[in-house]
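Notes follow once the structure below has been shown.
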Amino acid sequence: MQQIQVQLGDRSYPIYIGQDLMNDSELFARYLTNKKALIVSNDTIAPLYLQQIQQAMSACARIETVILPDGEKFKDLQHLDYIFTELLEHNFARDSVLVALGGGVVGDMTGFAAACYQRGIEFIQVPTTLLSQVDSSVGGKTAVNHPLGKNMIGAFYQPKSVIIDTFCLQTLPANEFAAGMAEVIKYGIIWDADFFQWLEANVDALKSLQTDALNYAIAKCCQIKADVVAQDETEQGVRALLNLGHTFGHAIEAEMGYGVWLHGEAVSAGTVLAAQTAYKLNLLDEQSVERICRLMQAFDLPITAPESMGFEQFIKHMRRDKKVLGGKIRLVLPTEIGKADVFSDVSEDLLKQVISCV
């Protein structure tokens, strides 16, 4: 088992990475002994893993469970209320713990519920998708969607620990694995050119779910994320770089309907649009754009936006993006493989050119 620490003073917490961790009763006992715990999962993950995690936790905690419908379209205030209702009906107190068993949707909703319930209770992330293991479970971003924008209602609220059981990836559908790889590739583009090159050389190993390759990639991403969050927890500076591709990507998700495109698929297309924007601004060379496109395609990810989306469909959502300041759209753009920056002077005319060329 590998362990990575997110350094946030008295709110620091560990990320555990390994196989069969969901059966590790001693690991759960560190956080749940003599406590009441509510497991939040969905109707896809629960049949696969709920029973074993209940067995691991039952030796140390009193357990209740709430099962949500699976999908991004259910990440809303209505379904968040299911969690609150369960907590209230079973008299959960401030010393209780929420346990998120699922992908990014379950993790985001559980974390937000923990932040809100009785003004804050503890929660643990047990991410089951590649995307949630390498990105959304780490760093304390919690939220639900609104029809007018993704993740618009939420809070920064850190978990007590993140428990990554890599065995879960054996049951992950191929398109969900690919979606997670979009976030993995992102780390190479914004932060680590050597890691990007390693990804280019290990496509087959990763797609065939080779344990050593997966463990290395997951640990590398978690370490980068932990380092970034330690520097900038609430996204006032360097953490914004983790949003590469997300301004375009969130527009795709909102316009197409949440869940029609997986988050990682939208981030993939959005990352390519960001790279093409950087090329138009003479910030990024053509070879780097091509490398980004090839690597996304190697993992069966889309590199173009939906045909039905033109400039007007993009821009109405981009103007509502959380990174907008002073009425200006701020974009994370790569300047070379391994480096990126935030730009607030990208004109809508140039964005129109980029989107129209896709």
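Heads up, the Cβ atoms here are built off N, Cα and C, so glycines get one too.
The NAD(+) binding site annotation in Swiss-Prot covers 70-75, 104-108, 128-129, Lys141, Lys150, 168-171, and the record cites sequence analysis as its basis. If you look up Swiss-Prot, you'll see Glu183, His246, His263 marked as Zn(2+) binding site.
What Swiss-Prot annotates, mapped onto the structure for a quick look.
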residue : record              : Cβ neighbours (10 Å)
Asp70   : NAD(+) binding site : 18
Lys73   : NAD(+) binding site : 14
Gly104  : NAD(+) binding site : 26
Gly107  : NAD(+) binding site : 30
Thr129  : NAD(+) binding site : 28
Cys168  : NAD(+) binding site : 24
Thr171  : NAD(+) binding site : 12
Glu183  : Zn(2+) binding site : 27
His246  : Zn(2+) binding site : 26
His263  : Zn(2+) binding site : 28
Item checked: Rounded to the nearest Å - Cα separation of Asp70 (NAD(+) binding site) and His263 (Zn(2+) binding site) -> 14
Check: Whole-number Å distance between the CA of His263 (Zn(2+) binding site) and the CA of Cys168 (NAD(+) binding site)?
Finding: 19
Margin query: Measuring Cα to Cα, how far is Gly104 (NAD(+) binding site) from Glu183 (Zn(2+) binding site) in Å?
Written below: 12
Notebook entry, point to check: Using C-alpha atoms, which one of the binding-site residues Lys73, Gly107, Thr129, Cys168, Thr171 comes nearest to Glu183 (Zn(2+) binding site)?
Noted result: Thr129
Notebook entry, point to check: Which whole-number value in Å describes the distance between the Cα atoms of Lys73 (NAD(+) binding site) and His246 (Zn(2+) binding site)?
Noted result: 18
Next item on the list: Between the Cα atoms of Thr171 (NAD(+) binding site) and His246 (Zn(2+) binding site), find the distance and write it as a whole number of Å.
Entry: 27
